[in-house]
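What TrEMBL says about this one:
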DOMAIN    76-256  domain 'Malic enzyme N-terminal'
ACT_SITE  TYR99  active site, proton donor
BINDING   ARG152, ASN420, ASN465  (S)-malate binding site
ACT_SITE  LYS170  active site, proton acceptor
BINDING   GLU241, ASP242, ASP265  divalent metal cation binding site
DOMAIN    266-534  domain 'Malic enzyme NAD-binding'
Amino acid sequence: MRVGGFGCVAFLQGTGFSMTERDRLGLRGLLPPNVVSSQQQIDRFMLDMQRLQKYARDGPSDTYPLAKWRILNRLHDRNETMYYKVLIDNIEEHAPIVYTPTVGLVCQNYSGLFRRPRGMYFSAEDRGEMMSMVYNWPADQVDMIVVTDGSRILGLGDLGVHGIGIAIGKLDLYVAAAGINPQRVLPVMIDVGTNNEKLLKDPLYLGLQEHRLEGEEYVAIIDEFMEAVFARWPNVIVQFEDFQSKWAFRLLQRYRKTYRMFNDDVQGTAGVAIAGLLGAVRAQGRPMLDFPKQKIVVAGAGSAGIGVVNAASRTMARMLGNNEVAFESARSQFWIVDAHGLITEERTNIDPDARPFARRKSELGHQGLSEGASLVEVVKKVKPDVILGLSAVGGLFSKEVLEALKDSSSSRPAIFAMSNPTKNAECTPEEAFSILGEKIIFASGSPFSDVDLGNGKIGHSNQGNNMYLFPGIGLGTLLSGARVISDGMLQAAAERLASYMKEEEVLEGIVYPPISRIRDITKEVAAAVVKEAVAEDLAEGYRDMDARELARLSEEETVEYVQQNMWSPVYPTIVYKKD
């Protein structure tokens, strides 16, 4: 990744420069004499990381994960190729450091961690200047932007300008998982102020110390930003990240038919959840076409929760024939509970996005439920196949809620505790398995260890992480040249993830693959997105591959095409030795 206007680190190799390169570049004598391979460099770095765990701390408040983030960040600054090589080769260990859950801690402490700019900052004070500002970024080509306004970072609330950390972390995964060239990614923070009183009073805070813009003033800032980045980079893809719910849906609907953009909290979370829900059906020994029969209680009515319900109901309706009756049948399979209880049509000032799924008065009587019924009451009465948590309320799936799930109509109920970071998970796998036993499916948004159930049995803790989908959605959109990102493309991504797992794995309760397979998963998801873009006549091609050539590719050839266009961290040869 380029670092502001401070030059490119792509060619830094440290002790990896050959003797020929050292001679030609004037480096002889400036490096130790031994030429070290990239693998030896990685081995030395990993040894230092292991020593860090035992000995190094930056102070009593600096946790080990945050210390690891510091070390990785310093490596990124001095040797970008090695940084991504380390990240790819150790993705299971380091994804939780550069992304959730540690990135949440990074964002909370970003002013103290800041050492050099990484990405771009557009603020309310830049109104009228953004069209010229984008040319301050040194890259002539940008393929992927992740942008946030810092208003709802993970489940941690308004972190203002500190939210840039989530954009940086997401793009690290685009590079590691999808092979997006790190010279062509751009993290962006749009600073419209903050309503976090602690930050407003903090003399070390790096952002605007004023309350957030609202209304049309806010929209005008986002409009100007979108116009500016697409004016300079017409083919860029913009992922919106961690915008508060009231803006997430509105901005998505405002831009999605005009620009190549998507909102990962709404659409990515929904896709990963659908893949897990389809996997849960398979784990019950049933075909995925039985998905429309699943009764699902959803805890949380924010952008992520409503996004999942919308997408899941569309999936059900498509399986049922995609007509009015199908959509009504799909709607009836969801019970949404927010901080005020069960959402019904009797609620005053109901959120417009939740209104289609509000339970009808005519339905409530025979269910024995009423407006505002508690989560425990709803689970007891509905006897759901699935409880899905996107509430950002840690421990919401209490002992009482889990006990109530024992009466589920499913032989293998599923618990999806999807809120991030770890402390916001609705329950832990230990709690779920200890109360409900081995015959459940458990998934969470943040990583948890598997549970030893005794007698050689394992309770699998599946991580339903958005990184299974968003890198593939971005890469597939890029390589197809799709004009927009359609619901069909997102659906294709989710279904490919759902079908990725082998039958024997799913029957053991494993509904998501290990993160160690992320490059292969992303390749398959991206290929599915490309094929769907072609099928919907949205593809315009990429580089030398035009839309007609894309349409002629078989599924296997599409996967190969994707593979060939994924960047890998290999030191470039700068100087060739004459024979």
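Count begins at 1; order follows the chain as displayed.
Each residue, glycine too, has its Cβ placed from N, Cα and C.
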Exercise for the section: Would you work out the biggest C-alpha to C-alpha distance among ARG152, ASN420, ASN465, the residues that bind (S)-malate according to the record, and give it in angstrom as a whole number? Expected result: 18
Fill in the blank from the handout: Quick note, ASP265 (divalent metal cation binding site) and ASN465 ((S)-malate binding site): C-alpha atoms separated, nearest Å, by 11
Practice task
Determine which residues of this chain, when GLU241, ASP242, ASP265 are set aside, have a Cβ within 8 Å of the centroid of the divalent metal cation site's Cβ atoms, and list them as they appear in the sequence.
Solution key: THR148, ARG152, ILE153, ILE166, PHE240, PHE243, ALA248, ASN263, ASP264
Fill in the blank from the handout: Note: in the chain of ARG152 ((S)-malate binding site), residues six or more apart in sequence with C-beta under 8 angstroms of its C-beta are ASP158, ASP242, PHE243, GLN244, SER245
Practice task
Averaged across the domain 'Malic enzyme N-terminal' (76-256), what pLDDT does the model get? Just tell me the whole number, please.
Solution key: 93
Handout entry: Neighbourhood of the residue listed as 'active site, proton acceptor' by C-beta distance under 8 A, where only residues 6 or more apart in the same chain count
Key = TYR99, VAL146, PRO187, GLN239, GLU241, ASP264, PHE470
Handout entry: Protein Cβ atoms within 10 Å of TYR99 (active site, proton donor), excluding its own
Key = 23
